[in-house]
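Student: Dropping a structure here in C-alpha cells format, bear with me for questions.
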Amino acid sequence: MQQFTDHNVSRKKHAGAKAGSDLLSPNLNTDLRKAIRPAPAFRRTFKNLAFRMAPATRPESAQPGSTPAITGPHPSYIQVAKPYLFQQQLQGQLVAIGANPTREDTFRLQGVQWINDVRVALQLPVRTFCTACVYYHKFRLVHKDVEYGFQDAAAAALLTACKIEDTLKKSREILCAAHNLRVGVTEHLSPDDNAFEVSSKSVIGLERLMLEASGFDFRVRFPHKHLIKLTKEAKIDKDVGTVAYNIMLDLYRTFAPLKQSCAAMSFACVELATLLQEKQQENIRGKAAPKYRRWHTTRAQIMETILDLLEHYTHFQKSSIVGPAYPIDKFINIRIRINQEIDEKSSLNRFTEHHEAPKTNGVKSNIKTPKTPITPASPSDLRTNGKDIASPATLSPRSSGSGRRGTGGRGTDGTVRFMLDAEKAKQEKETVAEYFKVELEEYEVEVEEPIKNDRIDRRAPTDWNNGRDDRFQYKKLPGSSGTYTSLDNFNTSAAGFCMHLTLLFCIFRYGLSYITFNYYSRWALFSYRTAFISAAATYGIVVYKAFRARSRAGSKPAGGALSLAADENVQYLAMALVWLFAPQYPLAMLPFGVYSIFHVATYTRTNLIPTLQPPQQIAPAAGASPGAKPTFKANPTADTIGKFVKEYYDASMGLVAILEILLWGRLLLSAITFSRGSWILIAVYTAFLRARFAQSSFVQGQFKQLEARIDSLVGAQSTPPAARQVWEGVKNGARTFHDATDVGHYVNGAPAQKKAS
C-alpha cells in the first residue's frame, strides 16, 4: 500500500513535470529539454529511493486550516512621523528640552542664515534649502541646543537635504564652503584639507540623529511651486510676485513650514506682499480672487501664517531678506490691521488649533517641564507633573546610542520602529495593548485588630504640622549631619547653629568694610578670619560626628585616605582652613555664606520656633476615636521658612556653583600676575573644584552653560579662526584633565560619597 501511494505521488510529480514542460515555448531547442531531463540511471535510483522513503509529516502549526501559534507582542516602540505640528505641540517640545527663548531665536535664525549662505555658495536649488530648514527645525525640537553647535546641526541638515533632493554634496564640500565664506580669498581652503577632518565626522554623526528626529519622513513640502501657480491665477504683477517669493524664503526662518500647508503659506506670502506693495489687494482678497476651498485651506491658517511673518519682521527685521527694504512702522501697522480682523471675527484666533490640557484637582496634566536634579546622582531628564518620564528629548547627540535605555517609552530595550501610517500604528498598538491588560478583582476581608493605647507625650510633640512631620523632606547641605532631632546630636547641632550665625554676621561686617574700601582694617581682618574659623568649626563638627558614628558601628571607610578625601564635608573643611591662612579673597566667603543661610533657616524652623512658640493642639472632631493621634496647628512663620527653603534651594545651589567657578577665575588672574602664593592656591583649589564637578550636578550644569555660551560667541561669523582653535584647544585640555583626574579609578571602584550640594 505504501509503495502504491508513493508510486501515485511519483506519477503525479512526473505528470506535473510534463505539464510544466508543455508550457515551454515550442521555439526552444529539443537539446535543452534533453539537458533538463535526468539520466536513466539517476531516474532509476531516484525511483527506488521514492519507494523506500516515507512521506514527510507537516508540523502541527503548518497543517492546513490551523491557525499559527501566537508568540506574543513585538518588543518594539513605534514612533509615527508627524508631517504637521500645531503651535501648542511646538511650545510643549521647546519647554520639554528646557530651551531658553532668547537662545532659541538666536540659534534658529543663525542656523537658517548659515544654511542659506552655504546654499548660495554651492549653487544649490531652493528645494534643497527648504528641506534643510525643515530638518534643522525638527532636529532642534528634539535635542537640547547646549549639546551641539548650531553650525554642526545646520551642516548636517544641509547634508541630509542634499541626499534627499539628489543634489549630492559631500560634508567636506559643505564645511569648506562655510569656511571660505568667513575668510578672505588668500585663506581659502579646498575640501580635501585636513582642517575639516574632525568637523566632517561630527556632521556625519549628526546626520543619523537628523533622520531620527524627523521620523525618517522624507515627505517635504515645496510651497514655491504653489506660489507661482497662485500668482498666475490671481494675475499678480511680477514685482509683487518677486516680493512674495522672497517672503516665502523668510518664512523658513520661522516654524510656519512645520505647521501649515503649501497653499496656506502661498496665500499668506502673496497677501503680505500686496499689503507691503499697497496694490492688487483685490486680486487676492476680492470676489474674483482664488477660492480658499479650491486650494484646500482656510482663512484661519492664512492669518496665523501672516502673523508669524509679521512677528519675525517686527522683532528680527535685519535677519531677513524683505525686512530691511521696508520701515518697521509698516510692519507694525499691518500687524495691527490683522489683529483687528481677528478681534472682529469670533471664528478666527491667533493660532488655528489650541486646546487647554484637562485639569485634575486644579493641576494641569501632561505638562512637560525641565527636570532639576534632586541629588548630584540624579539624571537631568524630564518630568511630567513632577514624575520622571522617558522622552525623545532626552536623547542628546552625545548619548542617544550609549548606555542602558529606560523602560516604558521612547528608547526601550526593544527596537525603535518609525512608521508613516498613523492608523496602522494605532491598530498595532491596540493589538499589543491586549497583552498588557491587568485585571484586578477587589474583595473585602474582615480582620480583627486590637487597639493599642500608645503613650502620647504632649509636652514635646513631634507632629505639629497637620499631623505630619516633614522635617526630613529637606535635602542635606554640606556641613549637615542630616538630622537635628536626636538628643545626642542636640549639643553639636546647637554649636553648629551658633557657628553658622557667626559666619553670617562676619560676612555682613566684612561686607560693610569692603564697600567702604577698608578691607585691610582691623575689624575687616578680624571678621574675615573669624568667618573661616566658624566655617572650619562647623564642618569639623560634622566630620567628627561622622567619624564617631563609624567608630561605634565598627566599620572602616573603604578606600582609605582617598575615600575620606572624597567626602564633601572633608573637602569644605580643608578649603576653610586654606582660606583661613591664605591672603584675602572675599569671593571665597560667599559659598559658605549661602550654605549658612539655609542651615540657620532650617534650624530655626525645626528647633527654635517650636521651642519659643509651642504648637497648639487642634481639638478633635466630634466622634473621633479617643486613641487617634493628635494634630497641631501649623506655625505660619515655620511654614514661610519651609517654603523659602524648598523654593530657592536649587537656585541657591546653582549660585554657589557659579561663585566657585568665578573664584577659580579670580585665582587664575592672581596666578597670571604672580601674586604671593597664588600658584599654590590655584593648584589646591583646582583639585577642590574637580572634586565638586564629580559630585555636584549643579557645578556640571554651570560648566555646560558656560561652554555653550562661549561656543555661541566663538561660532559667530565675525570670530577669527584663531580664536576658535584656541577655544577648541582649551576644551580638549579640560577633557584630558577630567579623564586623568577621575578619582573613581583609585578608590577600589567605590564611588565617592555624594550629597546634594
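Cβ from N, Cα, C; glycine included.
Straight from TrEMBL, here's the annotation block:
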- 347-358: compositional bias 'Basic and acidic residues' (COMPBIAS)
- 403-412: compositional bias 'Gly residues' (COMPBIAS)
- 113-212: domain 'Cyclin-like' (DOMAIN)
- 225-311: domain 'Cyclin-like' (DOMAIN)
- 1-24: region 'Disordered' (REGION)
- 347-415: region 'Disordered' (REGION)
- 494-512: transmembrane segment (TRANSMEM)
- 524-547: transmembrane segment (TRANSMEM)
- 572-598: transmembrane segment (TRANSMEM)
- 671-689: transmembrane segment (TRANSMEM)
Student: What are the helix, strand and coil residue counts for the domain 'Cyclin-like' (113-212) according to DSSP?
Tutor: 76 helix, 0 strand, 24 coil
Student: Just give the helix, strand and coil counts over the domain 'Cyclin-like' (225-311), going by DSSP.
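Tutor: Residue counts for the domain 'Cyclin-like' (225-311) by secondary structure: 60 helix, 0 strand, 27 coil.
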Student: Residue list, the transmembrane segment (572-598) vs rest of chain: Cβ under 8 Å, 6 or more residues beyond ends.
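Tutor: For the transmembrane segment (572-598), the nonlocal Cβ contacts are 477-479, 500-501, 503-504, 506-507, 510, 514, 519-520, 525, 528-529, 531-533, 535-536, 538-540, 543, 645, 649, 652, 655-656, 659-660, 662-663, 666-667, 675-677, 681, 684-685, 688, 757.
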Student: Can you tell me the mean pLDDT for the domain 'Cyclin-like' (225-311)?
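Tutor: Result for the domain 'Cyclin-like' (225-311): average pLDDT 91.
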